[in-house]
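According to TrEMBL, the protein carries these features:
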| type | residues | note |
| --- | --- | --- |
| REGION | 1-22 | region 'Disordered' |
| REGION | 40-66 | region 'Disordered' |
| DOMAIN | 263-355 | domain 'Transglutaminase-like' |
| ACT_SITE | Cys271 | active site |
| ACT_SITE | His329 | active site |
| ACT_SITE | Asp352 | active site |
| BINDING | Asn392, Asp394, Glu441, Glu446 | Ca(2+) binding site |
Amino acid sequence: MCGPGRPRLPRGPPPARPTAGYKLTRRAVSAASPPVVRAGGFPCPSEKPPLPLSMAEGPAPSEEAGTKARFPLSDAVEEGAWTASVVDQQDGVLSLQLSTPATAPIGLYRLSLEASTGYQGSSFVLGHFTLLFNTWCPADAVYLDSEEERREYVLTQQGFIYQGSAKFIKSVPWNYGQFEDGILDTCLMLLDINPKFLKDSGRDCSRRSSPVYVGRVVSGMVNCNDDQGVLQGRWDNNYGDGVSPMFWIGSVDILRRWRDYGCQQVKYGQCWVFAAVACTVLRCLGIPTRVVTNYNSAHDQNSNLLIEYFRNEFGELQGDKSEMIWNFHCWVESWMTRPDLQPGYEGWQALDPTPQEKSEGTYCCGPVPVRAIKEGDLSTKYDAPFVFAEVNADVVDWIQQEDGSMHKSINHSLVVGLKISTKSVGRDEREDITHNYKYPEGSQEERDAFTRANHLNKLAEKEETGVAMRIRVAESMSMGSDFDVFAHITNDTAEDRACRLVLCARTVSYNGVLGPECGTKDLLGLALEPYSEKSIPLRILYEKYRDSLTQSNLIKVQGLLIEPAANSYVLAQRDIYLENPEIKIRVLGEPKQNRKLVAEVSMRNPLTVPLTGCSFTVEGAGLLREQKTVEIPDPVEPEEVVKVRVDLLPLHVGLSKLVVNFESDKLKSVKGFRNIIIGPS
């Protein structure tokens, strides 16, 4: 995983499970014949212990900064210090076990032998190793006491990211690939070109002992807004000079492109891509990390915990809008202690690498304790007000009447911070973690948290008129289909109500930016009898949305119910996700380590029109050395099933995940996956 001759070591004392020994071959060494480092081992100069060893990290190592240490070869491990102890000696081979302090900075180290007697004070470089955070070590700041969670959040190379809408959550497979060839070196390169390192390399390296510091650096370096970071963000649906954010199916291809093109930004990313790449980097460095999705996520620029929309009398948005409610937004959580904060704020910390607002002059966000968000403690480092607003901001819709006056509408359909989701531990299922961020609605604990956060809008009583409306849909809607949506209206009063209903459907990007209309209805004389219900349909046709639908597959349906006599406005909204066709994957043959395997990938064209420019792209950690794309001859007719075969070569025993993306001119970013259990050869 680390390249020949360079082991990857977790920091701290040796774990309970024995790790591979580092062999030192006995041989004579002189100044004229420096030792040759072998893969997996270091040479041993003679039988004259104890000879002093030294290690150093970074371009300017120093003992004061903790990036340089000298220590003798000893018989036993000394906890909390750099030690090298003999664990075995036979047949001319000496096996050593290195132990490090649990607070040592992570990174690439050089291990040297400093010989004195008989060697004229010579120093020989024995080899290099990479030191990582160690979630198995109780003294480490990233220690997790659950073996299941350690495997999921550090060792697992595949997962799911949740998209779609709060009412239709869609799981998207992702190949994190943190142990794939070259990824560790790329992650270290990312640390070594961050602005803090370039300004003061010694101080930056010494601060890498803290996962808080490293997490904050990674949050800033995954985007390229301030530096030579990995990804450039783009949200305008114009991706012709790069790669659409929806195309990606893993972090490995992104990180390799960044490295291979001289650390030039990769085009393009959106929130889940930024989060997934950050997850890969942090897991690679040993920090337990998971991707989190928040539905109806607020982007509050002025920290007033309020998102205001200004609409005309038909409910249409007026002017440009920078503060938005995103259909969903992704960030990562990393597990660590917070010695810089009060007790109780250790554990999961939110980090957001998507460039939205600056933090201390840099486009980064966090880490901030998830517990602090739940408690409404907005003074907590880092960026607590922004993250708190993402899950708690209030939304107000203002309707401008004919005389220019503004009237507040009632909108109970849009609640910020819903269905906060992450992948379950050890299972391909969604875990709802909303309770980690928010107390139950209406509880005293919630009121106390809002009071601490000075969130007075949330504490105000909600206005009611006795008339309510919500948007209803069928159980599921498929890409290419025509379908109905319904405005369901109830009058819970003893009075007749004379209303006007304006229904509108528009395509929408996941960040809330609206596209063209794809369905409208305007009922001027809608009579609501006392204690009655009505359901008003709106037909949405594929021919109306096919040319303007973004790769988010989302349509926003909005209803505005106007009661002129009472000067009352009721607004209801719903985001509809159109489901893509299923990609089917068959494995041909028995999956065995280091034995060729074939995967058959197929998909049916569900549209009423032919597809051109079709291709399947596949990747999977431990299954392919690099991403593969297979092009399909044009055209693919309606209802036609296309099939391709891909050769795989499994490298590791255990569970792997093959991830697939389908692209064409009219059907884009269709995702599929297949779990493959690899047996020993």
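Each Cβ is built from the backbone N, Cα and C atoms, and glycine gets one as well.
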Spacing of the two Cα atoms, Glu446 (Ca(2+) binding site) and His329 (active site), in whole angstrom, works out to 23
When the domain 'Transglutaminase-like' (263-355) is classified with DSSP, how many of its residues are helical, how many are strand and how many are coil? 14 helix, 40 strand, 39 coil
Return the average pLDDT for the domain 'Transglutaminase-like' (263-355) as a whole number. 92
Which one is it, among the active-site residues Cys271, His329, Asp352, that lies nearest to Glu441 (Ca(2+) binding site) by Cα separation? His329
May I ask for the distance between Cys271 (active site) and His329 (active site), taken between their Cα atoms and rounded to an integer number of Å? 6
Between Asp352, Asp394, Glu441, Glu446, which of the recorded positions has the fewest other CB atoms within 10 angstroms in the structure shown? Glu441
Report, in whole Å, the straight Cα-to-Cα distance of Asp352 (active site) from His329 (active site). 10
Of all the recorded positions given, Cys271, His329, Asn392, which residue's CB has the most CB neighbours within 10 A? Cys271
Just the number: how many Å between the Cα atoms of Asn392 (Ca(2+) binding site) and Asp352 (active site)? 17
Round to the nearest Å and give the CA-to-CA distance linking Asp394 (Ca(2+) binding site) with Asp352 (active site). 21
